[in-house]
Amino acid sequence: MTKAVTRIVIVGGGSAGWLTAAILAAEHHGQAESGMSITLVESPDVKTIGVGEGTWPSMRDTLRLIGIDEHEFLRRCDASFKQGSCFVNWVSGEPADRYYHPFELPSGYLDSDLIPFWQTHCKNQSFADAFSSQSHLCELAKAPKQPATPGYAAVANYGYHLDAGKFAGLLQQHATQRLGVRHVLDHVTAVNSAADGDIESLSTKQHGELEGDLFIDCSGLASILLGQHYQIPFVSQKQYLFNDRAIALQVPYSSPNDDIASATIATAQSAGWTWDIGLPTRRGVGYVYSSAHSSEEQAQRTLRRYIEPSIGKQQAEQATIRTINIDPGHRQQFWHRNCVAIGMAAGFIEPLEASALALVELSAAMIRDQMPPTRSAMDMVAKRFNDRFLYRWGRIIDFLKLHYVLSQRQDSQYWLDCRCQTTVPERLAELLEYWRHQPPSRHDFNQLEEIFPSASYQYVLYGMGFKTQIKPTTQQRTDVNRVGHYYNENAKLVQRYMNGLPSNRELLNLIRQHG
C-alpha cells in the first residue's frame, strides 16, 4: 500500500479524457524526476457525444496553464467568445420576456448589498442591466476585448463557445506531441483486479496489459470502470430535473456577416428549452426536453420551427437531427479505491448553464493539486474528492432547478410540474424562503470554490421576477450614495465599452485572418 503513484491510465478520449490528460501531464511535463507517466486508451469505434459546446471563464486559465495559445485555440476549434447566458421566455412566455446571467460580477457586489437600491431606484431596469455592463455587450453581440488585448486577458469576463469534436482533437494533439501523453487506440477487453480489490491493469485487444497505479474513468455514459467494474450506484436526480432527451443540429448562417452571439441563448419551450450557440462558421442548436411531456416527433417539430425563421422552411425540414439520451444524475461516489470518474462517467445533468466541461476542469485540477504520492495516501484524497464533488453536484442541481421553479408559465403541464414543491430540493426550498426577506449573499455559499457564487443566484432570481421584501433595518444599512455611485459608474462603463469594443464577428475575423 506504500507503493508510489506514478502510472496514470485514462480510459476514454473526447473532451473529458483529453482535457484531463493535458491538465495532469502539464503539471509534470519536463520533470523527469517525477517519474510520472500518463496513458490514454480509447476505442477506435466509440464516438464521443460532444454536446459540451459552452465553457466557463475558468477555461482561459486551464488552456493557458496547459500551454495552448489562445488564438490557435480559437482558430482550430471554431471557437467564439461567450459572456454568459440569455434566457428567453422563461418567466411568462410573453413578448420581451428576456434576462441575462452574465459572467461579470455585478458592479459593487464585493462590498455592497445592491438589491435594496435596485428595487427602490431602478424599477424599470433589470438587475443585470443596472449593475453589469455585460448584458449590454451581449445584447449587441460585442466582443469582451479589443484586438490589442493579450491572449487570455479580458476587458469583460468571458469563456468560450466551441466545436467539441475539434476541441478534443486539439487537446489530443497537444497532449501527445507536447506533453508526452501516450495514446493507445484500442478496445479494452477486461478490467483486472489485484488481490486487494484495486484495479491492477486493463487488457486490450492489440496492446496487451496496461498497468497503472491510478485509473481515471472518462468512458462516458458506459462508465466501464466505476459503473461496470466497481458497480458504484447511480443516483438519479430526475425527481428534480425532468429533462432526459436532447436533439441537436447544426445551422448555417444566412450571411458571413451575421452577428455571432456573445451569450448562449436558452429559449423556453413547452416541454423544455432550446439552446442556440454561435460559432464563427455555424450555430449549434438543440432542444433538451422531458420525454414524459413530449414525444420525439413533437420535439423535432419544435426544434425545426425554432430554426425556420433563420434558414427557411425547406432547409429546416431537411436538417439532420441527432438524438441524445440523458439520464440526469451522478454516481454515489466518484473515487473508489484507485479509480476516479470524470465527465459523463461520473454523471450528467442537462446542459443548462454549461457545467459539464467546468466539472471536468475542477475534477482534473483537484487530482493534479492533491495527487496522492503513494497508494496509502489515496483513500484520504478520495474521501476529500467525494465530499467536495457531492457538494458541487448538489449545488448544480439547486441552481438549475432555480430556473424552473420560479417560472410563471401556465401554458403546459411541463411548467406546472416544474413548479411543484415536491420537486424542489430541500436546501433550495429553504433558501427561497429565506430570500423572500433577505437577498442572496456570500454567507449563503461559503464553501471553498463554490460552483455558483451568490451573484449568479441574484442574476437568475431577480431576472425571473422574484421579489425580496427588504426589511427596514436592511434598507437603513444600505449606503445609498455608494451603491448609487456603482450604478452611475456602470452606466458610464457601458457607454465606454459600446464605443470601444468591436463585435464578436469583427474580432474573431481578425484573429482568424491574422492570428
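Any Cβ shown, glycine's included, is placed from N, Cα and C.
On a predicted model such as this, the values are computed, not experimentally measured, just so you know.
As given in TrEMBL:
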- K82: active site (ACT_SITE)
- G13, G14, S15, A16, V188: FAD binding site (BINDING)
- K82: 7-chloro-L-tryptophan binding site (BINDING)
- E353: L-tryptophan binding site (BINDING)
Task: Proximal but sequence-remote residues of the same chain as A16 (FAD binding site) (Cβ under 8 Å, at least 6 apart) - done: C218, G220, I342, G343, M344, A345, V360
Task: Longest CA-CA distance among G13, G14, S15, A16, V188, per record bound to FAD, angstrom - done: 19
- [ ] Give the helix, strand or coil assignment DSSP yields for A16 (FAD binding site).
- [x] helix
Task: E353 (L-tryptophan binding site) - helix vs strand vs coil (DSSP) - done: coil
TODO: May I ask you to report the DSSP-based helix, strand or coil state of V188 (FAD binding site)?
DONE: strand
- [ ] Measuring Cα to Cα, tell me the gap between S15 (FAD binding site) and E353 (L-tryptophan binding site) in whole angstrom.
- [x] 18
Task: Where the residue listed as 'active site' sits in the secondary structure, as DSSP reduces it to three classes - done: strand
Open item on the list: Measuring Cα to Cα, how far is E353 (L-tryptophan binding site) from V188 (FAD binding site) in Å?
Closed with: 33
Open item on the list: Return only the integer: C-alpha distance in Å from G13 (FAD binding site) to the residue listed as 'active site'.
Closed with: 25
